[in-house]
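**Q** Mind having a look at this structure? Questions to follow.
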């Protein structure tokens, strides 16, 4: 591949060629992104028993970290190559177009949530829904709340990931220019901003809660940048490090995260088998604690190293369904938010017994998987040429 170089040379001095080569599609990206979307749905249904077996209960990080990491990788492949081949202006224009789609999707979700919560609060007579979603200030002061909402300073619960992604994408052109010079520059600049976020308490206000953004973009940009740099590496033929030291550190971090999370603690009789508070690792999610970051990167490294690109299970039925979801991450994410809110309503109003747990999870996960399949079918059908469509119709008539 043009521009292929060793990891050290690439990281410190940049790629041998400023223009990235082509990279074969890695099915693991969409498969694991699809899996992350399903997990995000499960984790956002309040009172969902399945959260006991999701990554958030098994370690320090959860699906959000992997979603942002994969977003950085995908952004490098999608927009970094455009910047390299067609210039910064064209690449930045495509980034802005994507940001606009994310922004309009966010506004649409906000409208749905406001209507749904108001309907439940009024018709069911349960005003606690306003507090659960942290949207009460919107109804108390709609004019100022709308103004804050359009500039992403009013973020109710469930609606904090898309604004984060908008800010991260806006940083992409500058990060990519640094990565082209030398990837270490992009990482150092990102790490400096991450440290500043912690040391100077940099954050964006959230008028919905009276606090700050749940996902602090000044901290979360680091894992996005790492994903971006990983995408840059793939485009320039730089492979994954096979260092035994890195492998040992990754395994140790994942084990430490598992012990720290103590997923067995909900089992009767095992509640006390947890680490003392003094020994527990910082799980701060808002500012992406170093331990969360290290755990997410460790697990991502182990997956990248031990799950082959051509793994048989990814070509099976489940793998293909997950792949379909990952290819359509924005509509599936939006649907997941809607379904998780509806699932929460069901648990609050009907009950959280075993029957409802099974019904809500099967319905939600089934709808997400089915929607991914339909969207991918539609995309494939729309991409067919008129000649192909004619051939398909003739084949149907013959049968």
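In case you wondered, yes, glycine gets a Cβ from its N, Cα and C as well.
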**Q** Please identify the range among 153-175, 245-267 that TrEMBL labels transmembrane segment.
**A** 245-267
**Q** Labelled transmembrane segment by TrEMBL, one stretch among 103-122, 123-142. Can you tell me which?
**A** 103-122
**Q** Answer with yes or no whether the transmembrane segment (218-238) touches the transmembrane segment (291-309) by the criterion of at least three Cβ pairs under 8 A, sequence separation 6 or more.
**A** yes
**Q** Answer yes if the transmembrane segment (218-238) and the transmembrane segment (103-122) have at least three CB pairs under 8 Å among residue pairs 6 or more apart in sequence, and no otherwise.
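**A** No, the transmembrane segment (218-238) and the transmembrane segment (103-122) are not in contact.
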**Q** Top stretch among 30-51, 63-83, 103-122, 185-206, 245-267 for CB pairs under 8 A with the transmembrane segment (356-375)?
**A** 30-51
**Q** Are there residues at least six beyond either end of the transmembrane segment (63-83) with Cβ under 8 Å to its Cβ atoms? List them, or say none.
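**A** Contacts of the transmembrane segment (63-83) (Cβ under 8 Å, skipping residues fewer than 6 from its ends): 20, 23, 29, 32-33, 35-37, 39-40, 43, 54-56, 90-92, 94-95, 98, 161, 164-165, 168-169, 172-173, 176-177, 179, 215, 220, 223-232, 234-235, 285, 288, 292-293, 296-297, 299-300.
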